[in-house]
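Record features, source Swiss-Prot:
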REGION    1-23  region 'Disordered'
BINDING   Glu64, Glu89, Asp116, Asp138  S-adenosyl-L-methionine binding site
ACT_SITE  Asp138  active site
BINDING   Lys142, Asp174, Thr212, Arg213, Tyr214, Glu215  substrate binding site
Amino acid sequence: MSPQDRPSRTTEAFFGRRRGKPVRPQQAAALESGLDAYRLDLTADAPSDLRTLFETEVSAVRLEIGFGGGEHLLHRAIEAPTTGFIGVEPFVNGMAKMMMAVRARPLANLRVHDDDATRLLDWLPPASLGGIDLLYPDPWPKKKHWKRRFVSPVNLERFARVLKPGAKFRFASDIDTYVNWTLLHCRAHGAFAWQAAEAADWHRPYEGWPGTRYEAKAIREGRRPAYLTFVRK
Ligand SMILES: C[S@@+](CC[C@H](N)C(=O)[O-])C[C@H]1O[C@@H](n2cnc3c(N)ncnc32)[C@H](O)[C@@H]1O
């Protein structure tokens, strides 16, 4: 897709909260220095090879959208030091938590974006990512709000543009209507093949899965997570 064909920013809005509790002074300091070190500059053109964004040599680049407090992102970045990770989280308190963690344990294979993920997706070069994780996106359970969900035809087109052929899009949710919604939208889009050999695959966590904060809450409240994996054709 050429830049002029990309979905227009004027047609969409960010619906989530940006702030919760006040950020404590120590977190504010970590946020400021962390964003200086890890934040991507979207005012400059994206490099044609995303691997050059990282301080260390990486063989592939993966994206996590809406990382919350960063527990999963941190786990994956530590587990795979030769993979570059871009994490996106517009919620200030979540980003502050992540920046506290990387202050204690710096990561040369991490970069972040603290705004709407659609901006980052439109900045990335085509076929540049080795994977996208969308883990427990805001569920918008009421039918009148379904159109606010991150999975949509326009965002799947963004995913299809930036994923390399064979790369995975992983989607986890505890909200049945969102799981069905995602299956239907991916099927309708046509660029994604759902990878589930048998019904049980749907409820089997991903390899090395550390869980997420939101997932723990969902399980405590009696909801059953689903883990979908789609492959970019
Ligand atoms: C329900 S929380 C889940 C957080 C985390 N993935 C977890 O499982 O604990 C959804 C997160 O997505 C973020 N989010 C919502 N809309 C977003 C957008 N357009 N771009 C990036 N992140 C977004 C929210 O700020 C929130 O932190």
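Cβ coordinates are placed from backbone N, Cα and C, and glycine is handled just like the others.
Not measured: the values here are computed from a predicted model.
Less than 6 Å separates the Cβ from ligand 1 in the case of none of the binding-site residues Glu64, Lys142, Asp174. Looking at Lys142, Arg213, the binding-site residues in this record, the fewest other C-beta atoms within 10 angstroms of the C-beta turn up around Lys142. For Tyr214 (substrate binding site), the nearest of the binding-site residues Glu64, Glu89, Asp116, Asp138 in terms of C-alpha separation is Asp138. Note: the Cα of Asp116 (S-adenosyl-L-methionine binding site) and the Cα of Lys142 (substrate binding site) are spaced 22 Å from each other.
For Asp174 (substrate binding site), the nearest neighbour among the listed binding-site residues (Glu64, Glu89, Asp138), judged by C-alpha distance, is Asp138. Most Cβ neighbours within 10 Å, among the binding-site residues Glu64, Asp116, Asp138: Glu64 holds that distinction in the structure as shown. Comparing Cβ neighbour counts within 10 Å across the binding-site residues Asp174, Glu215, the minimum falls on Asp174. It is 14 Å from the Cα atom of Glu89 (S-adenosyl-L-methionine binding site) to that of Thr212 (substrate binding site). Rounded to a whole number, the distance between the Cα atoms of Thr212 (substrate binding site) and Glu64 (S-adenosyl-L-methionine binding site) is 12 Å.
Same-chain residues at least 6 positions away in sequence with a Cβ under 8 Å from that of Thr212 (substrate binding site) are, in sequence order, Gly68, Glu71, His72, Leu135, Tyr136, Ala172. Using a 10 Å Cβ-Cβ cutoff, Tyr214 (substrate binding site) registers 22 neighbours.
Spanning the listed substrate site, residues Lys142, Asp174, Thr212, Arg213, Tyr214, Glu215 have a farthest Cα to Cα distance of 23 Å. Across the annotated binding residues for S-adenosyl-L-methionine (Glu64, Glu89, Asp116, Asp138), the two most widely spaced Cα atoms sit 14 Å apart.
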